[in-house]
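Engineer: Under the heading domain 'Globin', Swiss-Prot lists 1-141, citing sequence analysis as support. The feature N6-succinyllysine is assigned by Swiss-Prot to K7, K16, K40 (among others), with similarity to another entry given as support. The N6-acetyllysine feature in Swiss-Prot is assigned to K16. Summarising the annotation, Swiss-Prot assigns phosphotyrosine to Y24. Under the heading phosphoserine, Swiss-Prot lists S35, S49, S102, S124, S138 (among others), citing similarity to another entry as support. The O2 binding site annotation in Swiss-Prot covers H58 and rests on sequence analysis. Sequence annotations record features per position, and here Swiss-Prot assigns heme b binding site to H87 based on sequence analysis. Here Swiss-Prot flags T134, T137 (among others) as phosphothreonine.
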Amino acid sequence: VLSPADKTNVKSTWDKIGGHAGEYGGEALERTFASFPTTKTYFPHFDLSHGSAQVKAHGKKVADALTNAVAHMDDLPGAMSALSDLHAYKLRVDPVNFKLLSHCLLVTLACHHPAEFTPAVHASLDKFFSAVSTVLTSKYR
């Protein structure tokens, strides 16, 4: 459960990310593919090379979904319902992959914003990404 302090940390961090969210989403996705090669199996139709336009575009989709989640932190299940359906019923993404991408998002954000990435912010973002992952995998059961 996200505390009021967690919500404040997530919102303020996401505000600082601003227009870079799509760029960071693409970088985190590329980092996920490089660090956890099995995640590539869901994207056989993508050019997965460094700097790929397809990876960047999908990373922007990830970032846009997270921006929506930040805006609706008090109703993540409602805000993410369609994405949950897509990933559970159509794409059938292994739930562990959300945790792997979340880790890579944390690393990417820490690399770009080291001064703002305090232990408290790290913990809040980790809890937020975990909450989003839980919602995205809730329909698997």
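In case you wondered, yes, glycine gets a Cβ from its N, Cα and C as well.
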Engineer: Using the structure shown, find which entry in K7, K40, H87 (the recorded positions) has the sparsest Cβ neighbourhood within 10 Å.
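Structural biologist: Lowest Cβ count within 10 Å among the recorded positions (K7, K40, H87) is K40.
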Engineer: Highest Cβ count within 10 Å among the recorded positions K16, H58: which residue is it?
Structural biologist: H58
Engineer: How big is the Cα-to-Cα gap, in Å, between S102 (phosphoserine) and T134 (phosphothreonine)?
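Structural biologist: Between the alpha carbons of S102 (phosphoserine) and T134 (phosphothreonine) there are 12 Å.
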Engineer: If you count the C-beta atoms lying within 10 Å of each candidate's C-beta, which of the modified residues S49, T134, T137, S138 ends up with the smallest number?
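Structural biologist: Each of the modified residues S49, T134, T137, S138 was scored; lowest Cβ tally within 10 Å is S49.
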Engineer: Sort S49 (phosphoserine) into helix, strand or coil using the DSSP assignment.
Structural biologist: coil
Engineer: For the modified residues S35, S102, S124, which one has the sparsest Cβ surroundings, going by other Cβ atoms within 10 Å?
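Structural biologist: If we count Cβ atoms within 10 Å for the modified residues S35, S102, S124, the smallest count is at S35.
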Engineer: Starting from the Cβ of the residue listed as 'phosphotyrosine', draw a 10 Å sphere and report how many other Cβ atoms land inside it.
Structural biologist: 21
Engineer: Can you tell me which of the recorded positions K16, H58, H87, S124, S138 is spatially closest to K40 (N6-succinyllysine)? Compare CA atoms only.
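Structural biologist: Closest candidate to K40 (N6-succinyllysine), judged by Cα separation, is H58.
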Engineer: How long is the line from the C-alpha of the residue listed as 'O2 binding site' to the C-alpha of the residue listed as 'heme b binding site', rounded to the nearest angstrom?
Structural biologist: 14
